[in-house]
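**Student:** Quick one: the structure is below, questions incoming.
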């Protein structure tokens, strides 16, 4: 398999991209975190769950390497002259783990995309970004939008949303989760200057009582759930994810908010990352928390997210994996998997310090 893969250095890839970037498919085999911190412009992140990796037994199907059906179809049709694999800094494929993402991707491409030349990028992203920084996209250390907290509030916001003050969760501005996805509070949603500065075109209001202030200017989607342990937020996951994707595909940006931007809206953002990037809850949670440190979904929402994880990462695993999240929670299923996250009690608008309840969250084990 290694003999069928060519070697490119940073200069070779730069020349290849200049000749025809549209005819070169870049597959980045690094982690979700590493890819989002910085990647070659136009590259696609390759990742799959531990369960899928284990079941592959060294022979991963191309549908797991390139899950996007359109890209995979172009690849199989010979539309790409070259496919380039890369990791962080490896000098060759010789040292790649046999069950690692890089080796599994190379094997699948050599078996199923035989009409396309497969290359390995020598030195990986580290060497290429040092040599060709202008061809890379890097995300700076995430910080909220720095705008002054005006004491004036739009007339539409003065009545109906009591959280439009400046407690901790309203300070700063919305935070960027992905280039097209932002998270924040109802106060931020009442600040048209903030939304316009970020290029927001649509909002998801994850509450039953916060108003949509600017319906004539932005596209809105309402998810009327309360922040309590009886609420079934998981029934909205797929609908919210599809809405975010539709805005992204149209070139827009989505701002997701609830009352405080801590529990309900954070849960929706976590579900989006888990399904679209096929990552585990703990990885998605850490990714979002690095950007908005006060996120703290309530106990029930965390349980529903853990059940959603089993559906996302092992969709063909068993009947249990596809069962509704709330049904599993109601059954009181015995547990063997324990995760520790900061988990909130329902949030109410007050100027007092935020309360956090540290406790392990459990759910039924995935297959």
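Our numbering is plain: 1 for the first residue shown, then up by one each step along the chain.
Just so it is clear, glycine is given a Cβ too, placed from its N, Cα and C backbone atoms.
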**Student:** If you check Swiss-Prot, which of 296, 359 turns up marked as phosphoserine?
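**Tutor:** Going through 296, 359 one by one, Swiss-Prot annotates 359 as phosphoserine.
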**Student:** Could you break down the residues of the domain 'Tyrosine-protein phosphatase' (173-314) into DSSP helix, strand and coil, giving a count for each?
**Tutor:** 65 helix, 21 strand, 56 coil
**Student:** For the domain 'Rhodanese' (20-137), jot down how many residues DSSP puts in helix, in strand and in coil.
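**Tutor:** Counts, helix then strand then coil: 52 helix, 22 strand, 44 coil.
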